[in-house]
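Here is what Swiss-Prot records for this protein:
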DISULFID  Cys33-Cys47  disulfide bond
DISULFID  Cys41-Cys61  disulfide bond
DISULFID  Cys63-Cys72  disulfide bond
DOMAIN    29-73  domain 'EGF-like'
CARBOHYD  Asn44  N-linked glycosylation site
CARBOHYD  Asn54  N-linked glycosylation site
SIGNAL    1-19  signal peptide
Amino acid sequence: MATRNLVASLLCIMYAVHAMNDYLYIVKHVKVCNHDYENYCLNNGTCFTIALDNVSITPFCVCRINYEGSRCQFINLVTY
């Protein structure tokens, strides 16, 4: 779960601090998943990978509206 929180924080920084060196560092390390993770995200979620160190590649999902969970496996029926 800590990895997911780190990824969420990094993505927030990526969008909020787009003109700083931190943004460039993050963009270099976040990529759309390759075929190894083709079916990793469920319900049409988009898979990305992030290199957390020189060796580890961690996949994560960005879910479509009304879906949530680490792999977009849960439907969120709450409407706002």
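Using the three backbone atoms N, Cα and C, a Cβ is placed for every residue, glycine included.
Here the features listed in Swiss-Prot are painted onto the structure.
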residue: Cys33; record: disulfide bond; DSSP (3 states): coil
residue: Cys41; record: disulfide bond; DSSP (3 states): coil
residue: Cys47; record: disulfide bond; DSSP (3 states): strand
residue: Cys61; record: disulfide bond; DSSP (3 states): strand
residue: Cys72; record: disulfide bond; DSSP (3 states): coil
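Taking each of the disulfide-bonded residues Cys33, Cys47, Cys61, Cys63 in turn and counting other Cβ atoms within 10 Å of its Cβ gives the largest count for Cys61. Contacts of Cys72 (disulfide bond) defined by a Cβ separation under 8 A and a same-chain sequence distance of 6+ are given as Cys41, Leu42, Asn43, Asn44, Gly45, Cys61, Cys63, Arg64, in order along the sequence.
Compared over the recorded positions Cys41, Asn44, the count of CB atoms lying within 10 A of a residue's CB peaks at Cys41.
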